[in-house]
Structure formats: C-alpha cells, structure tokens
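To start, the structure itself, in structure tokens.
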C-alpha cells in the first residue's frame, strides 16, 4: 500500500453512503481513522448505516447537520453524487478541510497499476472490454469504480500482478488530487450532467482531471473523431495515443472495414461481438490500451469477438415470436440513443424513450428517429420528446411507466421487429437509477413470454 499511517487516528467524515461511501468508511476504519458517517436517509431505512454502526463506526443519519463540521475533521470523503454546492461541502472547504472521493482513496492504497476510463458514453462497455482482454492475456484486469464495484474495495484485494480497470464518472474525478493512472482513456466528451456541473466547460474540466498527474511515461487514449480531443492534446504532459473511425491516426483506427493499430491489422470490424458504430469506437479504444500493454492480436480478436456486451447497454434480452427486445437503459443522453439506433434498421424499431428532462436538445434526435416504426414515450420529458417525434413524422403512443411501455411496444411490433429501450433521458423522474429501469424492462419481457 502507498499509505499505511496517513489516516491513522485522523478524524474523517464520510458524507453520503451508497456503495462507494460504505466501502470508504470500512477502508478508513481499517486504516485506523476515527470515522464518522453522515447520510441523509433515516436510520430505520438505511441498512448500510445499520451495518456500519454494528461494526463500531459512528453514524449520523436523517439529514446533514452543519454543526457536525464544528468538530475538527482532518478529511471529508464525499459520495460522488453529492454536488460541491452542498452546504456541508461548502462549509468543509471554507474550513480548509480536504474533500476527496472514494476513488482517490483507492489510488492511495492500491498496489496495482491503474487504467482509468472516462467519457460521456461508452465508459462501461470500454471498461468491460479492456478488463476482459487483459484477463485473457493473463494480466488480471479487475473492474472497479462507476461500473458497480467500489474502487476502494477492489483496491484492497489487488496485488501488483493485477491491473485495476477503473470506470470513472465526472463526479468521481472532481474529487481527485493525487490520482495517477498509467493509462487513461477518454471515450468522448458530449454535453451531459450540465445540471451538476453548471456548464460544458466545467464538465470537461472534471473529466480532464484524469490526466492531471500523468507524465510523458503515461499514455492518454483520446477519440480523434472529436475536434475537442485534438485540441486537448496540447494541454497534457501524457503521451497521447489516438483512436478514430474517421481517419488514419498514429494509434488505433478503422480502414476498409478493418481495425488497425499503427499500421497492423488486428481484426475486422464485423467480428466485434456487439453491434453498432459506437462499439467500433469502444473496440478501438480497447485495442489501443491492449497494444500498449503488449497483448497479442489473437487474444484481442478472440476476446472482442466473444464479447457479449454489458447489462443495460444494448443488452439483448429475449426473442418473443420473432420480436427481439434490447435493454439500453444506460442511454441517459441524446448521443447514447443516437449510437444505439445506428445499429438497427429504423423501419423495424419500436423505440421506448423519455424520462427525466435535464435540458437535452431533443431536436438533435430528429434525424435519428426519422423512419422509426413507432415510438412509446413516457416520463417527465414526454412533451418535448413528442415534439421531436412529430418533427420526424413518427407515430407514437404514451405510457405511464416502463412496464406499460414495454407491453405497448410489444403490441406495436410484429415478427422481425426490435423493441428498443433507449430512453435518451435519466431515470430519476420515476426510478432510483437506470439499473432499476432496465431491470423492470427485463422483468416485463419475461412476463410477456410466459
């Protein structure tokens, strides 16, 4: 471990639980810190807080009392979902209490090298692809971070023979100071989470934190399909390795249906195990990382050919009487849904869309939804999505929730069609997260098959 005594006997406040906060609290306690956990959920409805209390960790629940910070804390570790304009965080910063996220703790204790993956779309798929390729090559890629496995929890069990393959959100990267991956990937940068960050430039700045401590000995893998990525190359000390589906670059690229790395064919694009142009980009990013880690082409090809995707990201669910169901609940913005649709024939797609309206420009979807067989629209953003459907000339019906939407979509579909849940919106108007929304879609498909 990089630190042994750094936290010993230090008073640390963990703000917000969920998976990452719970993991951070246990790790800090293990490292000898004097831990206090503060979570807004009432104690009686808070199994994580109950469990931590049983382990001897102090917990304060049901709100975030500012007077708690009258104690002399040496450090605050915050849940990444809590914004920096939260009064507790503002007071901590005013008192010059360092505020970190759990990812920083993972870096500080990790004996394993770290590959960090961030971006607006494609993070989970690319992270999973990289992890599977490295593991197939004997390099033990351990998935962690925003992908569902708390980074600090995985870091505790990782050795120097493993590699931490870490999916990182902009929320997590806002709280890093010393974090230093040996390879970082930025899949793409699109306007999203503006309600959290305030502006696109602030969002990009948060993502860009991934490379702050990198040097010329480290590698930064960037998507040269985007001019923004090209512009950012002059602002890093890291060695930039580009990937692109649009041009030949000094890295990974697509040419005549083949995926190359620096002039050498690795595999054919149509051999990738999951559909869609976006997955070609994800595969190219993966190839760049794999080649930087000296993985042979055959291992890369075999792994990516067998790759079955990830849950909630263009996940094939089932086939009922010739109608195929795909769960793309993780598509919480316009670009993700555009890329999902690119893998299908619109005339055979019944699209389920809508959810929490976070200021998306739904007119951008009009060219992509033109020609759809039908749409099923739901959620807070329904009126704006319906206006986009009208402009595209697509007929639609409305639904009250995901179960209702799934049933109506199936009624509208015929043999050979696809029912695609790709909402282009966050889930929080109806559901706790996109996973809950996707699981309800899967459950309803199972009921339809009975």
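Heads up, the Cβ atoms here are built off N, Cα and C, so glycines get one too.
Summarising the annotation, Swiss-Prot assigns ATP binding site to 119, 120, 121, 122, 123, 124, 125 and lists sequence analysis as the type of evidence. DSSP assigns residue 121 (ATP binding site) to coil, not to a helix or a strand. Non-local contacts of residue 121 (ATP binding site) by the CB criterion (under 8 A, 6+ apart in sequence, same chain) comprise 187, 188, 190, 278, 331, 333, 335, 336, 339.
Its own atom aside, the Cβ of residue 120 (ATP binding site) has 21 Cβ atoms within 10 angstroms in the protein chains shown. Residues near residue 125 (ATP binding site) in space but far in sequence (CB under 8 A, at least 6 apart, same chain), listed by position: 274, 279, 282, 309, 310, 313. Remark: residue 122 (ATP binding site) has 187, 188, 278, 281, 282, 285 as non-local neighbours, by Cβ distance under 8 Å and separation of at least 6 in sequence.
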